[in-house]
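What follows is one structure encoded as structure tokens, with my remarks underneath.
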Amino acid sequence: MSNLLLGVNIDHIATLRNARNTTYPDPIYAAFIAEQSGADSITIHLREDRRHITDRDVEMLCKTIQTSMNLEIAATDEMINIACTLKPHCCCLVPERRQELTTEGGLDIINKANKLQDIIFKLTEAGIRVSLFIDPNEQQISVAYNIGAPYIELHTGMYSHATDATTQNLEYKRIKKSVQYAVNKGLKVNAGHGLNYYNVRPIAMLPGIQELNIGHAIISRSIFCGLPKAIQDMKKLIQDSRRG
């Protein structure tokens, strides 16, 4: 069974910094610690309102990350131009609404297929690996495949935030079925959103998933045990789960 990678989202390091408009804690230093602690990639989301990660953060991280940088962006001209200029290793296209606390669902790529196909081509031409953040839905996956997306990231929010075991099990089955469907089409599959130390194990056990992107849970735990241990604990958990 293939090794499962861990992408660490450091957005909330920047959230804490910006809460008091200080220069600390520094996301660039957090990325360094994360890499030293076993993170396989670093994920950041440059939102249109710059509520946490800033343009300077992205520029500095592009220069300093030694593993892989996954830049989450909305499918807007401004963001695509930033990505093509800075050339992160990977761009994950995500939906974005200004009033949301965090990304609330997957891209509706069915109704935006032509636009997204052009963006995928432009980013790929710039040497950037492209991923689409989508809900676990076979129709969305089919369109992702048809417009040339090499990677998808399945939105695990409905599973993660389920309030009862029955609902969570139904959402898990949707994710499992979607992973199998995507892999059979030749897509590479990542997953993330809302995953934590208590719900990640079943998702980590799915053999078709290559990487899990996790942020809030890791940063929250790091308050009590430190960032290195929080990352090491999560990496051990997902890799032990993958091995069974």
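Each residue, glycine too, has its Cβ placed from N, Cα and C.
From the candidate list Asn3, Asn9, the residue Swiss-Prot records in the 3-amino-2-oxopropyl phosphate site shared with Arg20, Gly194, Gly215, His216 is Asn9. Closest to Arg20 (3-amino-2-oxopropyl phosphate binding site) by Cα-Cα distance, out of the recorded positions Asp11, His52, Glu153, is His52. Proximity note: of the listed recorded positions (His45, Glu153, His193, Gly194), His45 have a CA within 10 Å of the CA of Asp11 (1-deoxy-D-xylulose 5-phosphate binding site), given in sequence order. The recorded positions under consideration are Asp11, Glu72, Glu153. Their Cβ neighbour counts within 10 Å are lowest for Asp11.
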